[in-house]
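In Swiss-Prot this protein carries:
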{"type": "ACT_SITE", "residues": "231", "note": "active site, proton acceptor"}
{"type": "REPEAT", "residues": "43-87", "note": "repeat 'Kelch 1'"}
{"type": "REPEAT", "residues": "89-140", "note": "repeat 'Kelch 2'"}
{"type": "REPEAT", "residues": "142-176", "note": "repeat 'Kelch 3'"}
{"type": "REPEAT", "residues": "177-222", "note": "repeat 'Kelch 4'"}
{"type": "REPEAT", "residues": "225-273", "note": "repeat 'Kelch 5'"}
{"type": "REPEAT", "residues": "295-344", "note": "repeat 'Kelch 6'"}
{"type": "REPEAT", "residues": "346-375", "note": "repeat 'Kelch 7'"}
{"type": "SIGNAL", "residues": "1-22", "note": "signal peptide"}
């Protein structure tokens, strides 16, 4: 699809351009939101979520390439799994799926895909924590996983709902009790986890010095880790951002400034934002929240998003010299897609937009310090 070239001023006088002449990527065969993916060499892998038990690949270096379906994922349909690539293979962990009773449940299994023979293998291991709302990235020979919901609490909520049957009164009581808790009482994962495929071992890489998160944007570039926002309890996000660094003594963390609020709006934090690097600049965009939830929480309302409507966003933020700024906007709101850094661009693959509609689009954004380009 060709876009008309347009320029306008944005915050800090950055130029925002729709590019009509750059490479475009084909749409996904199906809309994929709440899925996962990874980059292996020049090939991107995306699947699961609203894509069912399917995975698709695209050769990014071939301008004429189309998406291709690979072997069916053997772990069944699931939402919000975690994936990363190590040593030319794709690893998929956890997620949320229905059991034989029809209950939505967190699962903690693990699978490996080998591109050389198009085969999946279930691994003889289980994640030590719940992996829904978790975010993963690879570094060296390990997969690092940050955040996630508590398996027992999350599963218990869905089990109780199914057990309540058609009793609306009981269901309302279960929902009220679930959301009327402090953030710390959900026991979101507060350790940085790692999985090393060569030894099939999980490792506790240390406690993070900030609250547990679900749906945070999490990236690793070189020795730097960046964490942006995420839920601190169901329905309530935070605007906090953090940076870590791999050192001989483990990961050392520091706080970054909060994500700024768009002009005329409050900043209620983001979950499901997409992030990556372009020309050395860290970019984060999209995500969803409940505007007004932080205000209600500060007023003492533990069910912070009660009565509020979910909103999806399109602002593009960049981190430069430890400071955040808004450098432009996407042509649509987006969240809960897959993002990957490639060829000095951040590809935004699938996701959802207003009302939760699944997207098939593949957009590319780039930033050179002065101009944001959206393709």
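Every residue, even glycine, has its Cβ placed from backbone N, Cα and C.
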Residues of the same chain, at least six outside the repeat 'Kelch 1' (43-87), with any C-beta under 8 angstroms of its C-beta? 23, 25-26, 28-37, 93-97, 107, 109, 111, 113, 115, 118-120, 122, 131-138, 141-145, 197-198, 336, 338, 340, 342-343, 347, 349-350, 358, 362
Between the repeat 'Kelch 4' (177-222) and the repeat 'Kelch 6' (295-344), are there three or more CB pairs that fall under 8 A, provided the residues in each pair are separated by 6 or more in sequence? yes
So what's the mean pLDDT when you look at the repeat 'Kelch 7' (346-375)? 98
Going by DSSP, how much of the repeat 'Kelch 5' (225-273) is helix, how much is strand and how much is coil, in residues? 0 helix, 24 strand, 25 coil
Counts by DSSP class (helix H/G/I, strand E/B, coil) across the repeat 'Kelch 1' (43-87): 3 helix, 18 strand, 24 coil
How many helix, strand and coil residues does the repeat 'Kelch 7' (346-375) contain under DSSP? 3 helix, 18 strand, 9 coil
